[in-house]
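As written in Swiss-Prot, here are the features:
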DOMAIN    385-801  domain 'Ketosynthase family 3 (KS3)'
ACT_SITE  C551  active site, for beta-ketoacyl synthase activity
ACT_SITE  H687  active site, for beta-ketoacyl synthase activity
ACT_SITE  H724  active site, for beta-ketoacyl synthase activity
DOMAIN    919-1164  domain 'Malonyl-CoA:ACP transacylase (MAT)'
REGION    1269-1577  region 'Product template (PT) domain'
REGION    1269-1398  region 'N-terminal hotdog fold'
DOMAIN    1269-1577  domain 'PKS/mFAS DH'
REGION    1428-1577  region 'C-terminal hotdog fold'
DOMAIN    1616-1690  domain 'Carrier 1'
MOD_RES   S1650  O-(pantetheine 4'-phosphoryl)serine
REGION    1693-1720  region 'Disordered'
DOMAIN    1731-1807  domain 'Carrier 2'
MOD_RES   S1767  O-(pantetheine 4'-phosphoryl)serine
Amino acid sequence: MASTLPSTVVCGSQTSPPSRDCLQRIQADLKDPKLKELAKAVDELPEFWSHLVEVKPVLSQVNDAPLKKLKDWAKDESVLNIPEGLPNILLAPLTVIIHLVQYLRFAHSLDANDSQEDQHHRILQSTSKGGFQGLCTGFLSAAALACSRTRSDIWCNATVALRLATCVGAYVDLDRLTYDNTDVHTCMIIHWEDNCGKDQVTEVLKGYPGVYISVELDNRSITVTAKQSQVSLLRGDLAARGAKLTRIPIYGRYHSRTHAEILQDLLEICSNDESLRFPIISAPIVPLRNNTTGGLITSAEKLHELALKCMLTEPADWYSTMSETVSSLMLQPVINEHPLILELGHVSCLPRSLTASANIRAFTPLLTLTASPNEPDASRYDYPEHSIAVIGAACKFTGAETMQQFWELIRAGGTMVGELPEGRIALDKKSLRKPPREEPLRGNFLSRAGHFDHGLFGLSQREARYMDPQQRIALQVAYHAVESSEYFRSGIKDKNVGCYVGVGGSDYDHNVCSHAPTAFSFTGTARAFVSGRISHHFGWTGPSMTIDTACSSSAVAIHQACKDIRMGECRMALAGGVNIISCPNMQQNLAAARFLSPTGGPCRPFDAFADGYCRGEGCGFVMLKKLSCAVADKDEILGVIVGSAANHCDGNDAITVPKSHSQIDLYRKALSLAAMQPKDITYVEAHGTGTSRGDPVECRSIRQVFGGERPTLHFGSVKANVGHTEAASGIAGLLKVLLMIRNQRIPPQANFTQLNSSIPPLEPDNLSITTNELEWKATFRAACVNNYGAAGNNTAVIVCEPPRLKPSAGNNHILSGYPFLITGQSGRSLKMYCTALGEWLENTDAPLSDIAFSVTRRQNRTLRRRITFAARSLKDMKNILGQQARLDQQSSPSPKPKPVVLVFAGQTGNVVYLHKDAYEGSSLLRSHIDECDKILREMGLRGLIAFLFDQQPIEDVVLLHCLFFSLQYACAAAWLDAGLPVQRVIGHSIGQFTAMCISGVTTLADTLKIVAGRARLIQQKWAKERGCMLAIEVDRQGALELARSVPGHKIEVACFNGARNHVLVGTEVAIQTLEAKTSCKTRRLKTTHGFHSELVDHWLDDYMALAQSITYATPIIPIETCSEGGSWKEFTPEMLPRHSREAVYFFDAISRVDKELGPCTWVEGGVGSKGIALVKCALGTNTSGHSFHRLQLDSSEPLASLTDTTIQMWDEGVDVQFWLYHDTEKITFDSCDVPAYQFDETEFWLLRSDQARQSDLQRGRVISDRYKPLVYLLRDEGFRGEPRKLHFGVNQYHPDFDRYLHGREVLGEVLCPVSVFVELAAKAAAICGGRECSTAATQVQVLNLEIHNPLGHAPGARVGLRLKRIGSCKWGFSVISDKDVQSICHATGVISLRQERHGKLEIGPQWSVIQRVIGYSHIQDVLDDSSAISLKEGIIYKVLEKVAEYKPCHRAIKSMTIKGTAAVAQLEMPAISRDSSEITVSDPLVMDQFALIAEVLALCRDDCKRDDVFICSGLSELVTFKSLQSGLGPWTVYTQQTPCGPRELLSDTFVFDSTSKQLIIGLLGARFVRITASSLNGIVKRANLNSQTSELSVETDAVNHPASVAYPPSNNNDTSDILSILSHLLHEITGLPPSEISASTPLMEASVDSLAATELENRIQEEFHLHRPISLYERQFNVGTLCQEIQTQRDDRLARASRTTTATRNTSFSLGRRTSSTESLPDDAEARFISKSAAVLAQLSRMLSESFNITESILPGTELRSLGLDSLVAVELEYDLQQAFGLKVDLMQLSPELTVGGLARLILASESQTSGHIASSMMDCRQTTEGKSQMYLG
C-alpha cells in the first residue's frame, strides 16, 4: 500500500484568483478552533498595515481596502471578491493562507489518534531528504513550515510569513502605480518543444526592451515578465519559432533587479521590527533550498532577507531547485513505492519533466467543498413534499414597473393615489351616469396603461387597439416574469406550463362595444383570452385558466396553479392577476355600494380614519415549479409556497360581509398543509382594504389564530401603497412578502396613524402594525398572505424563505472577454435595453462575470434583432453599451439558423493535447472527460487525465485512440448540453465511432469498449508491416489509376476526401515507390498504421467478435456514414469490420448532406483535429452560405476560442449556450437583478361615446399614416377609352404638412397657403406621370387655380386630392376634405409638369415675350427711384401682422422697395427652413414668400383702410422655369398690381435669380379680394372647425365624372397600384411597415393569422370592390399572388362592366353622351340624374360609415355583408334609410351580395315613383334607369 506521508512538500507560487468555492472552503477552515491562531494573524493584518504606513508613508498610495476585505472574509460569512486589478497586497498573503490551511488540513487527515504535534512531526520525519520547497511567495510558506518544530512555531512563523507577503505585495503594487500606470507588467509562461528552443526564445526576448526571465520553470519552460502592450507581438514572434505563450494572472514585477532600492527599504523595516523576522535557529529543520540557486540553506539567521531577495530581486531557478530535490529523493534507500510530493497552492508548479522521469507521485489537497453547494440546508424546517418554489416574478403597479421599484415604494411608505389620467375615460354627460352622490374619479392609476409592444407579441396595431388593456399588460408582465425565471435560456423549452390569471371585470368591453364590431372585438374583450393569449404566445400546453372570484381572483389563481403542479397537470405554472380601469361604470357601482372612500383618499388599512377603499390598477405574476424540481434544476428560488387554502363564507349574512370563523378555518387549514404552527408565522400580509366592516373582522381572525404567547407578529397591507388592485390584490401581497424575504426587512405600514376604534389593542396578543422599517429577525421567515373576495371566497397562502443554499462557489474563469448576447424584437427595444443596462451598471458592484451570466441567460433567442460582443472589463462593457453608433452597426436581424452538422475527424497524428485551462475552466467539458476517464478505469485501462495536458507523442495505440475519442465525445456532448441543435453527425474513419455514440447508436461505455478493443487488436495483432498513408491531390479516376500503377505492390485508395483530395494506403515500400514516380503533389500522413487497407485483415475476425458484444440502437440524431452509394440504413455488428476495412467515402457523404440540407453550420467535435478542413476540402468551391466552427482548445487561450466560437454562432442565429453559462456552472455565479426586457410601446386606447369617435379617427389616422408620404395614391378609376381619374390621400400628419400649416398664423389660427395646393397637385401629378413627370428638375405650370374654401386644421377630416388626365402630363385637380356629413372642395385647377430636355425647360411663346418685356431693367428702375418707399424685414412683417404672423424660420423677405403700383423685394430663406423630409416640387414655403410681395403691396395702398385685408382667391397661371429644390436664394422679386373693380386687385409677380438675373418663376393674374378683418376672422375660424356649408359634391370642368364606365385593360401600373394599396392594408392590419413588404412576402411571414386574415379579406373587398371574397386560407398566398388574384377579379368585373356599357350604348342610354334615339334623356334630365345619383351615394356612404364605424372610403361596389351587416345592424340601418330617404326595405330579405351602389339604386328607384326629379321618359323605362345608375354607382 502506498504511503500517504510526503517525501517533499512544495508550496507553489503566487495564487491566481481562487474560485468562490475554494475561498469558501478556506473560509470554513479558518473557523476551525484548531486554526484560530492563523485566523488571528489574518485579523491583525490591517493593524500591521497601519503601522507600516507610519514607518513608510509612501505606502499610503497603495489601496488597503482589499486587506480589510480579507480580514472581514476571514472573520464572518462575507464573500471575498477579487478585484479586477488583482492587487498583490491581497493575493500575496492569500497565497500563504492557502498553503498553510492546506498543509494543516492534510496533517489532520493523517491519523485522528495523533496529536497535532505528532502529525507535524511525522511529516518532518518523512521529508528529511526532500524537505519543504517554495517558489516565489511560496518560499515564505515553505520557510515557515521548515523552521517549525511545534504547532506554536507554525503560528509564530505564519505571522511573519503573512506580514512579509503583505509587504512585498504592497511594494509591487506601489511599483505598478509609479511605473506601470498606463501599461502594467504581466507574467506569462513560454514553452517550447525542441532542445534548441531556449536559444531561439532568448533571441526573441532580446528584441523586447524591459522583458526579462523571472523563473526557470522546467527544462522547456520559463516564466517571463513583460508589459501588456508587448504580449501580442511577443506571442506572434514566439509562435513563428515554435514556442507557445500562456498568460498567467499576475500583474506587477517580481524577481526584478530594479527593486534593489525597495529591497533595502524592506530590510531596513525588518531590522527594526521583530515581527518581520523568522525566529533565529541554527538551520531549517528539514532541507530548504534557495530557489535562486537551488542550493541548500544552511543557516536560518537571515531567512527573511533571503526570502525577500527570492521574491523581489533575484530570478528563480526553480528547475534547478526541484532537480536537486528530486535527486536527493532518488538517493534514499530502495523502497517499493514511488516518492510522494505534497503540492500546496492553487497553482501547480512541479516541473513535469522531473516528475515523469522519476516516477514521482504528486498529491494536492482539495481546495473545494466536498458537499454539493446546491444541497439545501433543511435543518430548521422540513419542507413538505408538495412545496412549490417561486422561481420568477414581475409586476407593474402604480409607481412601480419593476420588482425593485415596488420594493422601494413599499419600504418608503409611499402612496400613489391620484387623479384619473387625462384621456383615459370619456367623461361626457351621456356616458357618466349620476350616482346617488357625486364621487370623485380618483385612484391608483397606471400612467401608461394603454401602451403596448404589439410587435413583440406578433399582433397588429388594429388588433392591439381592440384588446382589453388587461390582456396587453398581462402579456408584458407575464413576459418579464417568464424572463426572470430564465425560461428562455438555451435548450428545449418545457411546454408543459400552465397559466392561471385572476381577472375581475372587463371595463374595456364597454369601450369596444361603443364602436362597430370587428373581427377583433370578441377576442379582445373576452376574459378567457387573458390567460389564453399568454399560453398561446409561449406555446404552452398546460392548463390555461382565467379565474374570477372578485378581489381574491389572483390568490385563487396561485392556489389552483399550485394544486395542478402537485397533481402533475403541468410541470411549471405562471400565476397572478391583473386589474385595469377603463370605464367609469364599475367605479360608480362600487361607490353606490359604499365600498369606496367618499373622499377619494388612499386606502387606510386598520386605521381610525379608514372610510372605504381606493381602487388601484396593476398586474403581477410569479413562475412556479415544484421545489424539488427547482433545486434539481438549479433555479434561483425567491420563496416557497408550502401551503394554500380556499373556502367560502357561510350564507348567514349578506354575501359581501366577511366572516371571522371562515377566515380562522382558512388559516388553520393552510397551516396544516404547511406543517407549521401559528408561532412559525412571523408576518401576515393582510387583505386590509380600509373598510369599516372588513378590517375589524380580519384583525379578529388574525388575533384568534396567530396572537397570544409568542414573539411579536407584525401585519400590514400593501393596499395602502398601491390601492386595492382587486383581482390583482392577492399577487400584490405575495410579491410584497417575497421582497421582504429577499431583503429580510419589514416595511412600514403606509397611511396608518391610529388603530381603528373597532379593533381592540394589539399589544396584549403580541400583534403589531409597524410604521417604521424593521429588520425581519426571525430565524426562519414565513408569512401568511390573505386575500378575500367580495363574493365570499377567501384564500390564504403560506410562503416562506427558500432553502438556505450554500453561497455560490465563485468562478475561476479568467477570461479575456465575457460573451454577451442581447436580443430584442425591434431595434428600438434593443437600444432601450442597452441604455437601461448601462444605467444599471453605474449603480452595481457586481463583477463582470456575474453580469454576463445573468444578462445572457435571460435573453429570448427567438427575437428578431440581436447584438453580440465580448467585454474584457466593466469599463469595456460600459463603453460598448454607450457607443450608440457601434450598436447601430452591430445590431442586426437575427438570421434564420442553418442546419447544424457535427463533424468528427479521423486520426492524423500521435499527439492528443488539451490545454489545462479548458479542462479546469469548463465543468461541462470536464464532466464528460471525467466520465470517459471513469469508464476506462473501470475497464482496467489507464486513466486519461494524466496525459491530456502533455504534448508529447503517445506510442500506446490504446491510450492514443481512447484519448482521441474521449476529447471528440466530450466536446460534442458539451455542445449538445449547451443546446446546440444538431441535425446531422458525420465521422471520418475513427471519428465515426464518436458520431455513432453522439447519435445514440451506441452507448458511451460500449463505444469506449469498441475503441479500446479495436486499438488493442491493432497493437497486438497488426503485422510487422504497419503500412503508411499518403495524401495526394488528384481527381478520383487519377487516384484509382495511381493505386494500380506500382507493379508488385497493392496500393489502395483509403479515403475519398474531396474531388481532388484522396489518401492512398500501402506498405512503406509501395508508397515510397509511388512517391518517387508520381508528379502529383503528395504528403505523408502522421498516422500510426495504414488503415482501411488489406493490412487490417489479420484481426478482422477478432474485431467481428468484439462488435457482436455490444448493443446497437436506432440513431436519435441522423448520422451520415462515409460509405459508398449512401448512408447505412441500419447498424449491425457486420458494419464495424466493413467500416475499418473499406475506404472512407467522406466526399460522397458531405455531398449528400450538402444536397439534402443546403448551406449548413459545420461544427467540429474534438481538439486539434482537421474535421473542418476536410469539410471545406470536400465542398470545394461550393462553400457559399456554409459556415465553419472549430474550437481551439489546444491553444494558449482555449476559453477565448470558446468565447469567439459561441459569439460567431450567436451571430448566425444558432440557439446555443456559452459552455461557461450552462446550468452546471451556475454554482460559480451569483445571479444579478439585471434590467428586464424593454418594451417598444405604442399607445392604444378606444374611448367610448361620441368623444371616442373623434379621438379614434385621429389616433387611428396617426398610426395608419406613420409610414405614408405626404401625397399617396388611393385608387385609379380610369375607364377603357376614357381619361384617367385618380384619387389621392393627403397625409395631414406628415411632418412637412405640419410645417407648411404651422409656419404662420392667420389671425391666431392656421390656414393652408395657396402654395401648398400647388405642391399637393404637383406631387400627385408626379406620382401618376411616371418618369415623364418626375419631381426632379421639372417645370410646373398651374392654370386657373381657384380657391373655393380655405383649408385649416381639420383633425377629424380626411383631406384628399383628385386628378383627371386631360393631356400629356396635364391634369385637372381638386383638393377636397370630408368630415361628418360634409364634403368640401377647397381648390381646383389644372396642372402640368415638364422635365428638362437637354438641360433646358420648355417655355411657351408667351413667356418668351414676357421675359423680353419684363427684364431686370424694370427692377433697377424701381430701386433707383428716389421717390420710392423702402421697407426693411421688421417693418414688412409688422405690416403683415394685420393678417398673419410668420415664424422667424419662415421669413425670407429681407427688404422691399415700393413705387406706385410696383414693388421690388430681396428674399433669402433661412437655412433652418430646409427641413423637409421629402423632395418638394414647388417648395411651398418659398413660393408663399414670393406671393407675399403682392399682399404687402396691397396692404400698403393708399386706399387700404384700417380694417381692410386682402386674401388671394386664385390665379390665372403659375410657371416655374427652374427647380427650387434645396435653394435658399437670394432672389429678386418684381410685382405689378392692377385694380379690377373696387374690391379686387390683379397681381403679376416675377421672380429672378439675384446672381444670374434669370427669370425663374412667374405668377400671372393672382386675384386679391378686399374684405374686412372681422370677415376674415370668421372665415378662418370656420376653416379650422370645418363648419362651412357647401354642396355635397363640388366638381369643376377639369375633374368632371367620366362620361362612360368603360374600363382600361389591366397593366403593370395597375398591379403596382394594387401592391401599394395592399401594402398599406397589411401595415394597418398587421403593423408590418410597408417598406418590408414586397411581392415575394408570404402572408404567414407578414403575421396574417386567422383573425387578421378575416379582417384583410374584408378590407380587400372594400378597397377593390370585388364581387366575391378571396379566401386567404384556401391557398398559401404571398403578396404577389394575392395582387394577381385581385387583378384577375378586377379584370373579370371590368369586362362585365364593359359588356354592360356596350349593351347600354346599343339601346342609346349612354350616360354623358347624346344620341339620336328618341328614348334618350334630355340634357337637363341627364344632368339632374347624375347630380342626384352623386348626392344619394355620398349621403349613403356617410350613413354607412357611421353605422359600421368605418373611417376609410366606401366604394359603390362594396357589399353590405362585407361591412359587417347582420340582423341587429340591419334594424338600425333600415330605420336610418327610412328617415333619410323614405325607403322602407327589409335588408335581410335581399340578396346577400347587395352592394352600396345597388342600395343607392333602390333609393333612386323609390324616389322616382314619388318625385319629379327624373324625366318621365326615364320613369317609363325602369331598365334604362337601372342601367344608368349601374354605370354611375358601380
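Cβ coordinates come from backbone N, Cα and C, glycine included.
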- Message: Can you tell me whether DSSP puts H687 (active site, for beta-ketoacyl synthase activity) in helix, strand or coil?
- Response: coil
- Task: Sort out the sequence-distant neighbours of C551 (active site, for beta-ketoacyl synthase activity) for me: same chain, 6+ apart, CB within less than 8 Å of its CB, listed by position.
- Result: G504, H687, T689, H724, E726, A727, S729, G730, N787, Y788, G789, A790
- Message: Check the DSSP secondary structure of C551 (active site, for beta-ketoacyl synthase activity), expressed as helix, strand or coil.
- Response: strand
- Task: Take the Cβ of H724 (active site, for beta-ketoacyl synthase activity) and count every other Cβ within 10 Å, whichever protein chain it belongs to.
- Result: 30
- For the region 'N-terminal hotdog fold' (1269-1398), the number of residues DSSP places in helix, strand and coil: 28 helix, 61 strand, 41 coil
- Message: On average, what pLDDT score does this prediction assign to the domain 'PKS/mFAS DH' (1269-1577)?
- Response: 82
- Please work out the helix, strand and coil residue numbers for the region 'C-terminal hotdog fold' (1428-1577) from the DSSP assignment. 35 helix, 66 strand, 49 coil
- Message: Suppose we draw a 10 Å sphere around the Cβ of H687 (active site, for beta-ketoacyl synthase activity). How many other Cβ atoms does it contain, all chains included?
- Response: 30
